[in-house]
There are 6 protein chains.
Amino acid sequence: MAREDGRSPGQIRPVTITRDWLAHAEGSVLVEFGGTKVLCAATVQDSVPRWRRGSGLGWITAEYAMLPRSTNTRTDRESVRGKIGGRTHEISRLIGRSLRACVDYKALGENSIVLDCDVLQADGGTRTAAITGAYVALADAIGWMRKRKMCSGDPLVNSVAAVSVGIVGTTPLLDLCYTEDVAAETDMNVVMTGTGEFVEVQGTAEGVPFDRSTLDALLDLAATGCAELTRLQREALS
Amino acid sequence: MAREDGRSPGQIRPVTITRDWLAHAEGSVLVEFGGTKVLCAATVQDSVPRWRRGSGLGWITAEYAMLPRSTNTRTDRESVRGKIGGRTHEISRLIGRSLRACVDYKALGENSIVLDCDVLQADGGTRTAAITGAYVALADAIGWMRKRKMCSGDPLVNSVAAVSVGIVGTTPLLDLCYTEDVAAETDMNVVMTGTGEFVEVQGTAEGVPFDRSTLDALLDLAATGCAELTRLQREALS
Amino acid sequence: MAREDGRSPGQIRPVTITRDWLAHAEGSVLVEFGGTKVLCAATVQDSVPRWRRGSGLGWITAEYAMLPRSTNTRTDRESVRGKIGGRTHEISRLIGRSLRACVDYKALGENSIVLDCDVLQADGGTRTAAITGAYVALADAIGWMRKRKMCSGDPLVNSVAAVSVGIVGTTPLLDLCYTEDVAAETDMNVVMTGTGEFVEVQGTAEGVPFDRSTLDALLDLAATGCAELTRLQREALS
Amino acid sequence: MAREDGRSPGQIRPVTITRDWLAHAEGSVLVEFGGTKVLCAATVQDSVPRWRRGSGLGWITAEYAMLPRSTNTRTDRESVRGKIGGRTHEISRLIGRSLRACVDYKALGENSIVLDCDVLQADGGTRTAAITGAYVALADAIGWMRKRKMCSGDPLVNSVAAVSVGIVGTTPLLDLCYTEDVAAETDMNVVMTGTGEFVEVQGTAEGVPFDRSTLDALLDLAATGCAELTRLQREALS
Amino acid sequence: MAREDGRSPGQIRPVTITRDWLAHAEGSVLVEFGGTKVLCAATVQDSVPRWRRGSGLGWITAEYAMLPRSTNTRTDRESVRGKIGGRTHEISRLIGRSLRACVDYKALGENSIVLDCDVLQADGGTRTAAITGAYVALADAIGWMRKRKMCSGDPLVNSVAAVSVGIVGTTPLLDLCYTEDVAAETDMNVVMTGTGEFVEVQGTAEGVPFDRSTLDALLDLAATGCAELTRLQREALS
Amino acid sequence: MAREDGRSPGQIRPVTITRDWLAHAEGSVLVEFGGTKVLCAATVQDSVPRWRRGSGLGWITAEYAMLPRSTNTRTDRESVRGKIGGRTHEISRLIGRSLRACVDYKALGENSIVLDCDVLQADGGTRTAAITGAYVALADAIGWMRKRKMCSGDPLVNSVAAVSVGIVGTTPLLDLCYTEDVAAETDMNVVMTGTGEFVEVQGTAEGVPFDRSTLDALLDLAATGCAELTRLQREALS
């Protein structure tokens, strides 16, 4: 099966990671996975949520949103509807959990970092692009804190990247674009550390349920994708 | 490592499935996984959401909620707070997706079934108990429809059950109770069909990221758990 | 006029009061008035609302809600609609006021008790069943506090029970089930203490306005109903 | 016990009913019970709520609200808080139910009348003043409809008035002002027709529960109050 | 072009300013610009918003709202809709900004004054009537504070009045009533101090864009209108 | 007085207008006024709001929002707070009104264009940049429609641009950046057509009220700024 943009099944899209895209944020990245563009901004706050005060530990949180015309047809604003949808909630929580996996809360001290991931243009894989870009923004924000001696040692204990995989027809594909995502029988998002462990595995049978060997093939593909993204993150940060 | 209720690592809790717990619903089940009690009610509606009208296809949706004192300390009502939290959204969506995997929309015709899963008492695994119980309520609601000739053929093409698995210390455990869930390094919810395929795999490293062999061990454990639950569902329905 | 369940006009439905239905709550009761089932949970909190701090006095509050499929046709969740309806507000306030009538705030000290009354199945009289059951849950929660020396003396100075009465056709009936409630010209909810005084009287002419002698007949009927419920509460608590 | 404004226990406050206070509404009344001022506006709509369409029957509904500085200290706007409080809901529903008792839905045809009761200044008894004034606005709106032949026959089959009664110390008092209302042990709102039947009786023991003879004394007092208000309504409308 | 109420183009409507319309507020005014009636209540609070605490400076804020039947056809309540509309927000902010222009925050001390402007009847120019009336209520509230020695010196350093102007056909008109406002090509609201400076100028081309000479003509007209309103405010306060 | 970026008082910041910044929108522009970056997306919809149906006329509307970290310190999302703030409402309405001034609704037919203006980075003048950029996105969207014969003739009858002016110290300045905006005594936003007429004039005395000659000086300055922006818009579109 040929992919519409000519990639091989195990190939990710062209990825660009542009640091310092915003003037005000302590870390900011415009990350592009092909046609998907996500603006990731890291904000440092010298406080933690109420339930964590006095613990000596920091906190990382994330908020994901899509601009109304990032999508093919316009989507109503959640601010106008007056409530946040289930999908937005779910992805915000996923990004937060993923990034918390590479941070040492003790070294961070009682500080918080908020990662705002706003999708400017969507073409599949917005959540995995967001995680991959937000990691770089987070690294910059922690660098900013370390310069100001806001933390002791290095709070960044690993790196984190994410990629989608799926079965289209019967072929396992890496890094699905929008039309592939819509056509996929099975869709999986995998978040991995720079050292190759899993942080999050979320696989869903959109159509036909899948067996163990399919699952294994998808996990293999995801591992190569995350390794490649890890390499690109390192390159961007060096 | 001994489990606090004396179970072996690969053993599920005592499960009871009580059908027809409610007088009004077309299908209703009180499902218990040890101390976790979830009331699952299936409502048949002879219409589908607007975006699906005229397609000839049916729809399945689910709503999950916890009673305020189902938990150890009281949780504020989402109706009083005026909005639904991210966790509630996420689980409602998971239950809906899981049950849609065992239904033939065409046979269902332009009818909907809503699965309300209300947690009366929580002791870990509320979402997996909800899926497992909701399947039985769904089966009863579809039986109710077939008696009334509301659908053509059998819309129920498979069964669905779910279980949690996790690593506590270094031991993989099946069907975590609340204290085990809190202690787990890695936590995974697995939804499988009665014929042993995966519908949904959601694994999260709460603490240390996990490697592939750990993931494999958890998937093996989940498969035995889901098989046992499938047996109990069949027993309850016969 | 014969009642559909064979009761005489002045007879209440079979009532069951099951204590300790929940594992976590300080007091919990599943109360059944015929087909009406309400789960009442009492939560003890060692604080009072802001406006009452420093007064040395306690507080009692209540929240009432119906599960979506407790009713004949499914009712949308108030959490999903994002606001609480007028009827829910009204009944929550009624339950709170009723239970406050049997409590000595000074003896309670600066503690609060929240009564959550969730209707699992509705067949008329849900608010009166809720009050009657919540009293027993409250008594258990106060017993729990006294064991822990959280209050001085006995904060429970009386008991409280409630019943509905109404005119169907021209006959005054006690404890209306759903079909009777719908048919009633006049509908009254009466809350009384264990010693026979009124706490709340709420009578409404749904159809034709009613005269004083009708009102008197309904109050007489309510008094016998509350006396019988008081007896059943005592029995359950002994 | 002397009342602060010199009234006898069974005397209502000076009442003024000013018709046509607003230019646009089909009926409008500024009603004053002593220091309590409520602006009642009746709006005629040539449609009914969805659930009533095609029935040939009309509908009456009401909305009650207080201006932020109608009270002694400023109350936040419910529009700013983003939700309607329980008390507002409860009173709006009471006013609607009360006025529906004097209307023949069939004669009204498929038209609605909305009664907006806005408290400009509060000094106790705002809900009873609102009902008493809204009746006159309703009568004017129905007159307006009859002139335009929007209804067949006279939809107004009776009149409705309301008054508060209560026990302060041990004395039953009629038409409580704010300071009396705060001091009352028992507080009752009674809605009666112009022909002396009850439409609504709502009695609450704010302090000590009350016995049957107290209830009887309050009902007697309310009956004289409503009769006097009925006389004033007739006078205003003639 | 003749105006429907016989006014000359440069003439304002009959204006009445009734002080002390409410019993509880520290300052209150019923202001009428022809058929437009706005109730303005000033509330003194001995605190300031969080962001201003410890500054030694006071604050002035305003809230504008319309009663549902102040308008020709009934408008839904913003409290019922659960959110405040853009127009309400905009006018509330305009009133607050305008009144802040005549207050010395330092002399006011750490106190706030809230101006509630509720439109009882609308016939064009509700925002300008609100500003003009609210100034008088503010002056009374500040007088009330000065009697109680709550402020040092006189916080009132100027007066503020507002009027609308517009082009109907080709004629510049002062103080537009509703039908003129609807017909206007250009519509401008001007807020000026008692000493003739501008506080706010808001001009909008509803139809054809306007040139500089039209703008100049409208500003001239507004200046005469505000001067006349300033005279009436002084008269009312003396 | 020297400006911090070395501009003369009557000079606008470097402006860039990048068309087709987004892949999906019918028109899209990234507009930059110095450090202010606004992404303007135009969406064509083949329908109009309910109140305009059947009129044969089109409609233009706009929504403005700021990304949380577009500002110096992070601003909470309005979607998370559950409501839109007054400032957002006000600016969205201003943008919509401004763009409607250059459109012939009849030529547009019963189609709508929504202009989404999302501030990616804020450094003063976000609303004027939004209007100036949105006009170009609108022109592209109308071009897109004309290619598809969705409208008759040219719906674009003029162009629209906007700029801020203000008094800092005693100097009138054109196109204020953030620090100048904060320091300004008087602040004015002016929207003008490409042919030099006014569409909207909004001047506010943030500090000391201003006299007519100041107003005149600011209007002169704004006219030169809008003329320059009109030239840049034409250049971008050619």
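Backbone N, Cα and C define each Cβ position, glycine as well.
Packing around F:THR126 (phosphate binding site) is summarised by its Cβ count: 25 other Cβ atoms lie within 10 angstroms of its Cβ, all protein chains included. Among the features that TrEMBL reports, phosphate binding site is placed at F:ARG87, F:GLY125, F:THR126, F:ARG127.
Remark: secondary structure over the domain 'Exoribonuclease phosphorolytic' (F:11-141) totals 42 helix, 41 strand, 48 coil, with classes taken from DSSP. TrEMBL lists F:11-141 (among others) with the feature domain 'Exoribonuclease phosphorolytic'.
Look at TrEMBL and you will find F:159-223 (among others) tagged as domain 'Exoribonuclease phosphorolytic'.
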Residues F:ARG87, F:GLY125, F:THR126, F:ARG127 binding phosphate per the record - widest CA separation, whole Å: 13
For the binding-site residues F:ARG87, F:ARG127, the one whose C-beta sees the most other C-beta atoms within 10 angstroms: F:ARG127
C-beta crowding around F:GLY125 (phosphate binding site), within 10 angstroms: 26
Residues from F:ARG87, F:GLY125, F:THR126, F:ARG127 facing chain A - binding-site residues, CB under 8 A: none
Additional residues around phosphate, ordered along the sequence, whose Cβ is within 8 Å of the centroid of F:ARG87, F:GLY125, F:THR126, F:ARG127: F:TYR64, F:ILE91, F:VAL119, F:ALA122, F:GLY124, F:THR128, F:ALA129, F:ALA130, F:ASN189
